[in-house]
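Step one of this worksheet: look at the structure below.
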Amino acid sequence: MEENNLQCSSVVDGNFEEVPRETAIQFKPPLYRQRYQFVKNLVDQHEPKKVADLGCGDTSLLRLLKVNPCIELLVGVDINEDKLRWRGDSLAPFMGDFLKPRDLNLTIILYHGSVVERDSRLLGFDLITCIELIEHLDSGDLARFPEVVFGYLSPSMIVISTPNSEFNPLFPSVTLRDSDHKFEWTRMEFQTWALYVANRYDYSVEFTGVGEPPAGAENVGYCTQIGIFQKNGGRATEACVSEQHDQHVYKAVFTTSYPSLQQERFFKLVLVNEVSQQVESLRVSHLPRRKEQDGEQGDKPKDIGGSKAPVPCFGPVFTEVEKAKIENSPKPFCVGDKFFVPLQRLLAYPRLNRLCANEEMMRSVIADSIPLSSDGSAVVTDLCNYFDEQFEF
């Protein structure tokens with residue numbers, strides 16, 4: 001396993017935390033990446049639909065989380081409006097997101113505002129993260145922070161990370177790791193605060209961290225300490241959330257939505273493309289066998305399914321169960337110079353089966369884009385085309 005930190009001339013974090021240019025500890029991967037990966041692992045485990053990052057800064061964590069398929073609403077809040085506007089475009093969908101839409105809708109919103117202000121648009125969230133945030137709050141804001149985040153917003157889970165001051169003596173000439181930090185807590189101080197807050201607002205909490213100490217200094221604990229708070233009894237009910245009065249104090253500075261299969265136009269584009277590709281693959285694979293059969297069966301329909309289950313040279317690899325399902329489905333056939341692929345055959349392929357629940361659904365979506373047989377039970381295409389002749393299929 002790769003070492004988590006090295007002795008070298010560098011900074012603590014590679015992101016925000018300042019250390020004099022002397023011999024210092026460099027974490028590998030950098031400490032900020034370890035923190036973000038910790039959150040991503042939690043998201044992978046718990047699959048929250050609505051996630052907010054308070055004090056989102058340059059939106060690095062949001063950019064890491066936006067690829068997670070379970071998230072449908074991703075929100076960032078920060079006091080620095082210029083930074084939000086500058087980094088907002090990095091959260092917008094790229095061309096690849098349109099070519100391969102997500103399964104579920106995703107909306108991303110960046111709000112300018114203070115984390116100690118109440119805004120009802122953040123009610124009912126599954127996860128709220130506060131990564132290296134609380135140490136930037138003055139005493140007044142720190143006192144209000146639990147009332148807003150734990151009491152008012154009351155999400156199912158809250159993750160709070162903060163520097164562990166017991167680790168600081170391992171850095172040269174460090175009192176506070178950042179000039180903007182108002183305080184840095186020992187493990188006992190953080191855990192005392194966290195347990196008090198958890199007890200007051202009906203949460204349970206467990207403690208961990210990232211940034212392991214070097215050999216011989218294990219007693220100082222992690223460089224970054226983390227509290228994972230979970231609401232006792234699960235998430236707030238929709239009824240409880242709806243009882244809250246609307247309070248919109250934050251200013252939305254960036255909003256974007258991602259294409260998804262839940263949106264009719266993108267679902268149709270994906271389904272038509274998948275059907276077309278599968279039909280073309282079956283047609284091309286039939287051409288060599290067609291030449292062998294020519295002259296033997298006249299103009300009668302020819303079953304060209306073959307005796308073996310499909311094993312593509314490129315593309316998806318099927319399990320034995322999937323192969324059996326495909327092989328047992330109605331087989332493609334030819335009538336004259338036309339090639340027919342039954343919709344039931346197409347539905348046997350995993351990717352198409354995942355998109356469509358049944359034959360009727362597939363037919364209704366593709367009917368105005370792909371030619372179908374007279375009874376609508378199969379896709380129809382020309383058996384041979386210009387390109388086949390050019391490449392001598």
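Any Cβ shown, glycine's included, is placed from N, Cα and C.
If you look up Swiss-Prot, you'll see Ser60, Asp78, Ser114 marked as S-adenosyl-L-methionine binding site, on the strength of similarity to another entry. Secondary structure from DSSP puts Asp78 (S-adenosyl-L-methionine binding site) in a beta strand. Counting only same-chain residues six or more apart in sequence, the Cβ atoms lying under 8 angstroms from the Cβ of Asp78 (S-adenosyl-L-methionine binding site) belong to Gly55, Cys56, Gly57, Leu84, Leu110, Tyr111, His112.
The Mg(2+) binding site feature in Swiss-Prot is assigned to Glu132, Glu135, His136, His181. On its own chain, Glu135 (Mg(2+) binding site) has Thr162, Pro163, Asp178, His181, Lys182, Phe183, Glu184, Trp185 as residues at least 6 apart in sequence with a Cβ closer than 8 Å to its own Cβ.
What Swiss-Prot records for 283-309 is region 'Disordered'.
Swiss-Prot lists 290-305 with the feature compositional bias 'Basic and acidic residues'.
Listed in chain order, the extra residues whose Cβ falls within 8 Å of the Cβ center of the Mg(2+) site residues Glu132, Glu135, His136, His181 are Leu133, Ile134, Leu137, Thr162, Pro163, Asp178, Asp180, Lys182, Glu184. Separating the Cα atoms of Ser60 (S-adenosyl-L-methionine binding site) and Glu132 (Mg(2+) binding site) is a whole-number distance of 13 Å. Between His136 (Mg(2+) binding site) and Ser114 (S-adenosyl-L-methionine binding site), the C-alpha separation comes to 12 Å. Cβ neighbour count for His181 (Mg(2+) binding site): 20 (other Cβ atoms within 10 Å of its Cβ, all protein chains included). Cβ neighbour counts within 10 Å, taken over all protein chains shown, single out Glu132 as the most crowded of the binding-site residues Ser60, Ser114, Glu132, His136.
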